[in-house]
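Copied over from TrEMBL:
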| type | residues | note |
| --- | --- | --- |
| BINDING | Lys98, Lys122, Ser392 | substrate binding site |
| ACT_SITE | Lys134 | active site, proton donor |
| SITE | Asp176 | site 'Important for catalysis' |
| BINDING | Thr222, Asn261 | NAD(+) binding site |
Amino acid sequence: MLKLCKRWSRSHTRRVVWPVCQRKRFSGVSGEATFLESVNMYFDRAAALTDLSAGRLEYMKACESVLRITIPFRDSEGKMQTVIAYRAHHSTHRTPVKGGIRMSASVDISETMALASLMTWKCAVVDVPFGGAKGGIRLDGSTVTEAQREKIIRSYALELTQANMIGPGLDVPAPDMGTGPKDMVWIRDTYKSFRHADVDADGCVTGKPLESGGIRGRLEATGQGVYFVGREFMKLEEEVLKTGLTPGVEGKRVIIQGYGNVGSWSAFFYHKADCKVVTIIERDFYLENEDGLDITALREHFDKTGSIQNFPGGKTVTDGDSAKGLENDCDILIPAALEQQINLSNADNIKARLIIEAANGPTTPGAQEILHKKGVVIIPDLLANAGGVVVSYFEWLKNLSHVRFGRLSRRFEERRGATLVKALSSLKSVDLSPEMRQEIIRGATESDFASSGLEDTMIIALGETVDTSKRLGVDLRTAAYVNAITKVAVVEKQRNNIFF
Ligand SMILES: NC(=O)C1=CN([C@@H]2O[C@H](COP(=O)(O)OP(=O)(O)OC[C@H]3O[C@@H](n4cnc5c(N)ncnc54)[C@H](O)[C@@H]3O)[C@@H](O)[C@H]2O)C=CC1
Ligand SMILES: O=C(O)CCC(=O)C(=O)O
């Protein structure tokens, strides 16, 4: 049976809840495992190192359900067009489930399921108490007007609402590739129109703008997490020596693929830490500067022109496949665009000694094998890019508590800090610089809370992953999956028993 349930809704969008055992083979990079197969392969490799039964592991691996929606809209010539969209719930072992919504012409059910599965393991790696989900809207966002986009997003949100697949306690989407804060507001507003009495309605989605219940720090969170995890890894002398690099991020040459949300913020934080961002790769070109791109000036250029192409502080290379830029000389490679970018066709040519997976699924299993043989270390997606969902979790907490972090304590802390400075200043032996005074007095703002909570989480998650990797003698990806599977299994074992 293909369909569990199918019906036409009032909005004339059509939805189908699909039992996920009906898997088809979907195409990926030729000759390699698809994205979904890759995620499952990584899962299997780690699962074999746990003492969980085969039956339980099979259940934990499977995606629980997928909602398939068809959304009609009128194009600019008034013709009716159809957009296909999905919401996959990989695991409801904890609720709400969580994961972004991707908008791209290449979205399909298999990709959405792979991304949903990654969300389950990612949340577990960073101890975010959510199950895993993901949404996908198969549409190139640049082909529709803002009004058409709003209609499509609102229809999507309406379908999720009617299917009980959104809500602060059920499923809390967020931005992913191709979507952003504005889309999240439309989703929140649509949900709220149908659940107007739900006092926690703002918590139905994260990644919202500040004035609509967002949190300071979510926009940059994924890139900042990519930075924290890289910085901390580069402090671990024993691990760093395996890569052939010297400890510390300072001075390292970095390549970033994708200058969207995650890539641009990663560039910002690595540049700020005195790294040299030597190449940034975009869809049709790459930008390079051996001495390091000035990321502040690059951002200004982007804000002015809408692109990083032809930035005067670097050389824009447009001939050939832009992915060639991945093979440029560097120490650290940060793929922050699409899945399967590092594959059998280019793995041998990658010069980086450390790969930090800011994108989801950027390295195929075949490429990983080649890279591992070369001694390249990979900090895997489910750890490296978890910063987004971590700060989304903080936003959700803020929405449920209905108060900005720091609002109740900041001025109190500042008064106490001022008293301390006064007391210290009365001691002749203490000489406080103006900066030290300021640092003691300053009370924590919402951004401070978000950023320090993120930093703490990433440091702990990296530490746990490295420990497991050493204990079992496995790579960091396998270690992260082992930790995640073990944590999920504890919760999994405590539920679903009423029907057994
Ligand atoms: N936004 C978030 O908070 C999170 C995103 N991710 C993952 O990070 C990756 C990037 O996501 P976002 O930055 O949010 O997306 P985005 O839509 O903001 O940016 C994507 C960027 O990649 C570029 N791009 C697309 N195809 C490319 C190609 N073939 N080669 C080079 N560049 C290409 C686009 O032009 C765009 O600049 C995705 O894999 C996403 O799933 C992971 C965790 C959280
Ligand atoms: O912020 C979130 O809830 C989800 C982010 C996301 O989609 C991801 O980590 O891939």
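Residue 1 is the first one shown; counting continues down the chain.
A Cβ is built for glycine as well, from the same backbone N, Cα and C atoms used for every other residue.
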- Task: Filter the recorded positions Lys98, Asp176, Thr222, Ser392 down to those with CB closer than 6 A to an atom of ligand 2; keep them in sequence order.
- Result: Lys98, Asp176, Ser392
- Query: Considering only the recorded positions Lys122, Lys134, Thr222, Ser392, which possess a Cβ situated under 6 angstroms from at least one atom of ligand 1?
  - Reply: Thr222
- Message: Given a 10 Å Cβ-Cβ cut-off, pick out the one of the recorded positions Lys98, Lys134 that has the most other Cβ atoms nearby.
- Response: Lys134
- Would you list, in sequence order, the recorded positions among Lys98, Lys122, Asp176, Thr222, Asn261, Ser392 whose CA lies within 10 Å of the CA of Lys134 (active site, proton donor)? Lys98, Asp176
- Item | Chain-mates of Lys98, Lys122, Ser392 with C-beta within 8 Å of site centroid, substrate | Gly99, Gly100, Met119, Cys123, Val128, Phe130, Gly132, Ala174, Ala386, Gly388, Val389, Val390, Tyr393
- Note on the structure: Given the binding-site residues Thr222, Asn261, Ser392, the candidate whose Cβ has the fewest other Cβ atoms within 10 Å is Asn261
- Message: My understanding is the cutoff is Cβ-Cβ under 8 Å with a sequence separation of 6 or more in the same chain; which residues meet that for Lys122 (substrate binding site)?
- Response: Val128, Gly132, Asp381, Leu382, Leu383, Asn385, Ala386, Val389, Ala484
- Query: Using Cα coordinates, what distance in whole Å links Lys98 (substrate binding site) and Asp176 (site 'Important for catalysis')?
  - Reply: 12
- Identify, in sequence order, the residues in the chain of Asp176 (site 'Important for catalysis') that are 6 or more apart from it along the sequence and have a CB within less than 8 Å of its CB; answer 'none' if there are none. Gly99, Gly100, Ile101, Arg102, Leu115, Lys134, Gly135
- Task: Determine, from DSSP, whether Asp176 (site 'Important for catalysis') sits in helix, strand or coil.
- Result: coil
- Message: Helix, strand or coil for Lys122 (substrate binding site)? Use DSSP.
- Response: helix
- Task: Measuring Cα to Cα, tell me the gap between Thr222 (NAD(+) binding site) and Ser392 (substrate binding site) in whole angstrom.
- Result: 10
- Cα-to-Cα gap, Ser392 (substrate binding site) vs Asn261 (NAD(+) binding site), nearest whole Å: 15
